[in-house]
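*Asks:* There's a structure below that I have some questions on.
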Amino acid sequence: MSEIEVLADQSDVGQKGTVVRSHVIKKILKNPMGLIAVGILTLVVLLAILANVLAPFDPNFANIGKTLANPDSTNLLGTDSVGRDVWSRLVFGARTTLLSALLCAAVAVGIGLPAGLIAGYYAGKFDGVANWVVNILMALPGIIVLLTVRAAFGPSVWISMVAFGILLSPGYFRLTRTAVQSVRNELYVDAARVAGLSDASIIARHIFSVVRAPIIIQTAIVCGVAISIQSGLEFLGLGDPTVATWGVMLSEGFKNVYLNPTLLLWPALAIGLTIGALVLLGNAVRDALEDAEKIKPAKRGSVAALNSRTAPGRTQNEAVAAGTEHHLVKVSHLGVGYPQADGSVKKVVDDVSFHVDRGEVLGIVGESGSGKSQTAFSILGLLPEAARIVGGSIQFDGKYTVAPTDDSVSQSRLSEFRGKRISYIPQEPMSNLDPAFTIGHQLVTPMVRVLKISKSEAKKRALKLLDDVGIRFPEKTFNAYPHEVSGGMAQRVLIAGAISCEPDLIIADEPTTALDVTVQADVLDLIRDLQKSLNVGVILVTHNFGVVADLCDRVAVMQDGRMVEEGDVREILRNPQDPYTQKLLGSMLEGKEPMTMLVSAGASAGGADNEKEAGL
Ligand SMILES: Nc1ncnc2c1ncn2[C@@H]1O[C@H](COP(=O)(O)OP(=O)(O)OP(=O)(O)O)[C@@H](O)[C@H]1O
């Protein structure tokens, strides 16, 4: 990928992030609880910001001649026991209360987040020491610490909130550390390291994004807790009486509850509503983020409408034509899409049609991202949960696995075939074998279940299969765990597994990509030999025209989710019609001797064999 492509990719990620953010905000506002919470908090924040404008008096100005007065035009909510304006104290109290809660959250995040990021990412000594400190902090009784701080430093609300923030920081530390540990060994983090990104960039770009959402949710809750603790301490008379806060007002109101109950009512309402709104906001953010993760699948109808806009003239939901039942697999006008946060559907496979017959090898070729695997996964029913079938149908042996009106692959219909008559050879042999079980166990279990044979018979078959796929010591490999064999052997084991239940169709998704070049040729030879001897249909997904020339009878060329050309391999190699196919072939042939046998008129069987042997 060139630098420009990387930058384009990043800007795309940025745009996507903006779309997701605006989607989350919309979701919060659509949720009635979220809307109420945002409304209340906006009001409180406005009160706090505009306190100087909205309050007619200084919060500590006392009119001794007008104590415990009822509301009038001068004192909108009346006065307290020393003649201070309740409304002015309430709006200034909003400012102090909110700022001190934010201070508490900032201290907790400021300590817990970086410490959690470093401990989770680097582990080692820092992690050990940080854990030790966190355990001590968590063991401290919070209220006793706060009372001690009050006794040592006086009644300052700011100092108590800093202390409380320190006490709450372990929650952020643990949250962050666990999240970071879960992603630090992901391949994309390794890739970023290999690409030369500094640790700070990796943490900022790849790791921080994982913890951002839970931190926001936790912060909303922490602000609520800070307000309640702060108000509680002040209610007990431990606050600073010279600073107008809701807690101090609550304490004052309680002392005069029999003389003027509204003195208690206003701060209690303000505290209750603000804490409630913060908790509701936290819940609404969580719900919105969960929704964003599993974006609602669009209904086939609405997607169909989108198709007709984006691909005018395309036949919708064409049913498999009568007389095509004899095809082993028939894919008709298949479309696969992913619903996006902004409500659109990103099509990754569009209007793809082909068929495979028994004993035939179809190659699906195209550059990375052209939709080859998504097409293969549609036949296998292995598409991710978010994927939608947005058009077309798939038929296996005369039966639909995706009927023309389906918007997903029918797992119940497919279970009749998958693992029994349709098998799969994956791209990454190692990650497709379960490290907890021996290779023998992983070969025997499906045979016992599908072929209904005894374990001992299945073992005999497994040993024979391992021998057939070229494993030199079948018994040893049978008893080995996946980590004890090489990548090439693991792929042979998977090929043995793929043919073990006598399938009619094998789907091989770039079966040699993860293997050493020398092993690639062996594995391809093996697939070719097995295909011929078992007379199975094969769909071979590859980006390599050489492999296509070597193995396939027909080829489908894909570009950007669409099939640009399909036909007999020799015909297409000799006379590619589509400019993209010509380009693909051109890039394969660059710097190589002209393939005279491909352009010669000799289309005899012998010629065909020669072509295949030439392997581009
Ligand atoms: N889970 C997903 N969500 C959204 N888009 C996806 C998802 N999986 C794949 N895609 C997109 O589908 C497109 C086709 O992917 P596919 O894996 O079929 O490509 P491919 O041709 O097999 O490429 P490769 O040879 O690299 O495997 C790509 O643009 C990819 O980004």
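Here, residue 1 is simply the first one shown, and the rest follow in order.
Keep in mind that glycine also has a Cβ here, set from the backbone N, Cα and C atoms.
Quick paste from TrEMBL:
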TRANSMEM  35-55  transmembrane segment
DOMAIN    94-286  domain 'ABC transmembrane type-1'
TRANSMEM  98-122  transmembrane segment
TRANSMEM  129-151  transmembrane segment
TRANSMEM  157-175  transmembrane segment
TRANSMEM  215-233  transmembrane segment
TRANSMEM  264-285  transmembrane segment
DOMAIN    329-585  domain 'ABC transporter'
*Asks:* Check the transmembrane segment (98-122) against each of 35-55, 129-151, 215-233 and return whichever range has the most CB pairs under 8 Å.
*Replies:* 215-233
*Asks:* Using a Cβ cut-off under 8 Å, which residues of the same chain at least 6 positions beyond either end of the transmembrane segment (35-55) come close to it?
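*Replies:* For the transmembrane segment (35-55), the sequence-distant neighbours (Cβ-Cβ under 8 Å, at least 6 residues beyond its ends) are 28-29, 85, 87-88, 90-92, 94-95, 98-99, 270, 273-274, 276-278, 280-281, 284.
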*Asks:* Which one, 157-175, 215-233, 264-285, has the most C-beta pairs under 8 Å toward the transmembrane segment (129-151)?
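*Replies:* Ranked by Cβ pairs under 8 Å, first place goes to 157-175.
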*Asks:* Given a Cβ distance threshold of under 8 angstroms, which distant residues of the chain, six or more beyond its ends, lie next to the transmembrane segment (264-285)?
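*Replies:* Same-chain residues near the transmembrane segment (264-285) but 6 or more away: 24, 27-28, 31, 33-34, 36-38, 40-41, 44, 77, 86, 90, 93-94, 97-98, 213, 216-218, 220-221, 223-224, 227-228, 231, 246-247, 249-250, 253-254, 256-257.
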